[in-house]
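For reference, the structure discussed in these notes is given below.
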Ligand code: SF4
Ligand code: SF4
């Protein structure tokens, strides 16, 4: 299949060989799991269990909140010992409401929804399947953690004809999807077919980067089950795994700025998400574990581990032989778009594709030197921006100027920072500026709202004053009328009339 | 435990650095330089060394005066490269003070007075060349015939010292005009270009570089090889060299076809003078060229066109340095007008039209 040209991007040193040949190992359930109620994009789930209560494995502990949200389930059986604020895998170090479960070691399943084991065509409506996916708490496992059911619901709003399955895995080090495709291809394909059925699409494209030939082969073999599935090799070039860029590469459709891929008739799901869908439908199991790549030169035994959600990074690292005694930086996710972990006590969540312990040599930050205008950031930017110019404007404090040349179209991929020979932290400038701009926007909106409220109040007050005046005038007129009538009437009747009027 | 301070991503970076880039460019220049030094013997070697040492010395002085990190900046290779390019563009037997003054203009005026590395608007080496040419037209057009080291015509070390110090003037019989220069003078005397060209070195010889000219500009072949190396290493992109050479080639070919006795042929334009050095090593200077690909195409084409105009219609036989400096002045404008198209937006900046209409408008 011919591919379409995608501008920008960078060639990275992938270092996937650290873990790519390690088969997925299952980590035994730790003594304690800390499961945050928000592991997804949108509003947090609301706790539906109480402290002291026993919960079964797979039991719902957090019910999807308002708007876009997702269910959260217990990843093992045990006693809920706390529902409290706990450190979350976010660089800010901010805490999140978290359900703490002391495992009883039995790993006893709670009652699960009945599996749908029949072959295609499935004896379930797309709506039923969506509800199942939503109930299972499945979110995008590529790292974005967007609730999957919301994406499957897109068919009700847009005409969707294409399902793209993202097996690009373009981040260095990360090999969890690669292993999953090699080891569980048929499960993934089953999940893909379920999603395709739920979306009622015409074509299914599975896109895998060229540096994973074994995964491509395994997926091709498994995909023989369905002729509408095409497995496509895409060039190894970061950020090929960005949904919009992958879609452009395989279909030539360019998603409009600030819009979803559904606007151009396509939905993109990750391979691990597809497998989670299969588990939810075929076995009734909610999303309670995920495969995480533990890697980096700081880790003693890099591995791909199926981890119960809520396991602490500390336990996971211990399972992988611990860290080498060198200073390292712990990263949640890949080195390009991941974020530093605030603490080893942070739990593994649905969006954690990797836990990396990187040494300074790997990070290779280098001292910042003056920009030499080499233009490498410009040709690397997959969003078509001019990072060098935006950075200059932001340094000068001209945020509006940066906005005018597109800073808000930045997808924070980090390619510009990666490629800059002067080691200028370009991407950092843009996240700073966009954060500020958003805050300004919010402020401006709030100010607008306050202004309009004040205006509305003033108008109301003015209207009321008007009305009062009118009423008073009417009263006066009426009084004058009665006074005139009084002249014609007797004293007593006039008095009673006035009295009457005053009481009315 | 995370023992490195928290910081912003990404957490992996290219091994490329400014220094590495400069050193590769210098390496790519080496074959042509070595050939030039061999071709013109000891005087050229002396002038080359003097120019480079002067460039580094001025850089060090300026860094100290401006309170910038001396060691790191001096070792980043940018001043060395500037001095190198300047030396390559000088007449090979020019007196020592030409090299020193050139370095002064390049490093002190064109680079540091404009704000230092990355801030200078004009290509320092070309500014120096232009200023020197205007101020010292005699010294800057003192071309000599090839006198390769080891040949009978080559000056001894002592003679070289005498020439470079300015103590002894360069003997009459050693001087020889460049190909472009000869064409211009002869044309002004009414001799047709076609006739003159017949007496000039043939294209093969021009490509090799065995001719009179600047210290490092003559060997088109070796410069091309260096340029291809830089392209292969992705240190430069093809946009500037190709658009520059293509524009120059097309203008030369068309004009020559229309008026062969008035305009020189395409091979002469491409293979003699500063075309090759300029296309691959000077116009591609990061700091003074546009950052976007489309801007680079325009920039290269502009230099190619201006070079041809000055050579063919202007008063100077060679015009690349002028062309580069003129186009440098337009770079801020080009950068503003030639940004890439933003993903998901039209060239005008509006969000692209959705292809699939929403089923229900919400
Ligand atoms: S990559 Fe760095 S040095 Fe090159 S233009 Fe961009 S900011 Fe400047
Ligand atoms: S971080 Fe933003 S500006 Fe930099 S390359 Fe990525 S999209 Fe472009």
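Using the three backbone atoms N, Cα and C, a Cβ is placed for every residue, glycine included.
TrEMBL lists B:21-40 (among others) with the feature transmembrane segment. For the transmembrane segment (B:21-40), same-chain residues at least 6 beyond its ends with a Cβ under 8 Å from one of its own Cβ atoms are 48, 76-78, 80-81, 84-85, 88, 92-93, 144, 146-149, 209-210, 214-219, 222-223, 225-227, 229-230, 233, 235, 277, 280-281, 286.
Residues 33, 37, 73-74, 79-80, 82-84, 86-87, 90, 92-94, 96, 98-100, 102-104, 106-108, 111-112, 116, 160-161, 164, 215 of the same chain lie 6+ residues outside the transmembrane segment (B:46-67) yet bring a C-beta within less than 8 angstroms of a C-beta in it. The feature transmembrane segment is assigned by TrEMBL to B:46-67 (among others).
Look at TrEMBL and you will find B:74-90 (among others) tagged as transmembrane segment. Same-chain residues lying 6 or more positions outside the transmembrane segment (B:74-90) and placing a CB less than 8 Å from one of its CB atoms are 18-19, 21-23, 25-26, 29, 32-33, 36, 47-48, 51-56, 58-60, 63, 98-99, 102-103, 106-107, 111, 117, 124-126, 128-129, 132, 140, 214-217, 274, 277, 281-282, 321.
Sequence annotations record features per position, and here TrEMBL assigns transmembrane segment to B:96-114 (among others).
If you look up TrEMBL, you'll see B:126-145 (among others) marked as transmembrane segment. Long-range Cβ contacts of the transmembrane segment (B:126-145) within its own chain (Cβ-Cβ under 8 Å, at least 6 residues beyond either end) map to 40, 86, 89-95, 98, 101-103, 105-106, 109-110, 153, 170, 174-178, 181, 212-213, 282, 316, 321-322, 324-325, 328.
All protein chains shown were included, and the count of other CB atoms within 10 Å of the CB of residue B:178 (FMN phosphoryl threonine) stands at 22. Residues annotated as FMN phosphoryl threonine in TrEMBL: B:178.
According to TrEMBL, the feature transmembrane segment maps to B:240-258 (among others).
Look at TrEMBL and you will find B:264-283 (among others) tagged as transmembrane segment.
Feature annotation from TrEMBL assigns transmembrane segment to B:320-338 (among others).
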Would you mind pulling the DSSP three-state label for residue B:178 (FMN phosphoryl threonine)?
coil
Grab the same-chain neighbours of the transmembrane segment (B:96-114) for me: Cβ-Cβ under 8 Å, and only residues 6 or more beyond its ends, written as numbers and ranges.
46-48, 50-51, 54-55, 57-59, 62, 66, 79, 82-83, 86-87, 90, 120-125, 127-129, 131-132, 136, 139-140, 164-166
Give residue numbers and ranges for long-range contacts of the transmembrane segment (B:240-258): same chain, 6 or more residues beyond its ends, CB-CB under 8 A.
227, 231, 264-266, 268-270, 275, 278-280, 283-284, 289, 296-301, 303-305, 307-308, 312
